Amino acid sequence: MGELMAFLLPLIIVLMVKHSNSRTHSLRYFRLGVSDPIRGVPEFISVGYVDSHPITTYDSVTQQKEPRAPWMAENLAPDHWERYTQLLRGWQQMFKVELKRLQRHYNHSGSHTYQRMIGCELLEDGSTTGFLQYAYDGQDFLIFNKDTLSWLAVDNVAHTIKRAWEANQHELQYQKNWLEEECIAWLKRFLEYGKDTLQRTEPPLVRVNRKETFPGVTTLFCKAHGFYPPEIYMTWMKNGEEIVQEMDYGDILPSGDGTYQTWASFELDPQSSNLYSCHVEHCGVHMVLQVPQESEAIPLVMKAVSGSIVFVIVLTGVGVLVWRRRPREQNGAVYLPTPD
């Protein structure tokens, strides 16, 4: 079971994290039911996240809701875990019944999955969002609209369930209130519990290099790693204009040490005299690496030192770093040599 969760948790993180330059906080709960699971796979799993950090787990093998973050264990009393353990045991049975019903409707046998995701987000400007949806075999099935108190159904089977659920107005209003009020209240509480982890900032280390990916094809890579939170914006520009259509992006992946990594690349025309630059924005700091054709690598290291920002640049060939910060931050940049 431990090996399965070690696989599932990073997978969910990859699905959650998006390229963005705005910092948001989220609380999400994922539930997964499996019919005829293979050996070692529980028939029911529930995982809770704050941002990209797992905070709780439950499965049909242990049948116990348990903390996944030390600050959750330290701040919530034993009766909290027991109360929600009992609730999740009920959800486990409900998922089993609902999955069997769906298989009958679709005339399916064998192994299938039924999933639920519920949660909320607290945006930088103080506004909030909430979401609740179900999936069958990994495909959207029912999606809740809290503003209209209705469900969006994707097929005839889902429409049958939609009509039954929409007949219960009390339950629809309860879900809306939970998404808009209770979920946000829990999120704020968890952010306070884990503030040393969840609200910290670690700036990215950025490197630009070129590589011959195929004979006659040169690719420019811009790679960022060691950053937290995972929200980051990265793009390539040609002569000051973004070249989105030509770019490939890597997923924002956990590095295994509590930080994240990602990359952006595009194929370079070796005969071109254009000026290319990689733009990275993270937590209000904007970095631009301009890459002349003859440069092969331009590593950039950004570290916070005594309240200021220190950039360390190593140039192979000729490169230019253009650095801009938000107007409210007036500290200068200090350039230091590094060994080869």
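Note: Cβ is positioned from N, Cα and C throughout, glycine not excepted.
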Out of R31, R101, R104, R189, which one does Swiss-Prot list together with S46, K65, R116, Y174, Q175 for 7-hydroxy-6-methyl-8-(1-D-ribityl)lumazine?
R31
Quick one: Swiss-Prot says C183 makes a disulfide with which of C120, C222?
C120
According to the record in Swiss-Prot, which candidate from C278, C283 pairs with C222 in a disulphide?
C278
DSSP-derived structure type at Q175 (7-hydroxy-6-methyl-8-(1-D-ribityl)lumazine binding site), helix or strand or else coil:
helix
All-chain count of other Cβ atoms within 10 Å of Y174 (7-hydroxy-6-methyl-8-(1-D-ribityl)lumazine binding site):
12
Could you check what DSSP calls R116 (7-hydroxy-6-methyl-8-(1-D-ribityl)lumazine binding site) once collapsed to helix, strand or coil?
strand
Return one of helix, strand or coil for K65 (7-hydroxy-6-methyl-8-(1-D-ribityl)lumazine binding site), based on DSSP.
coil
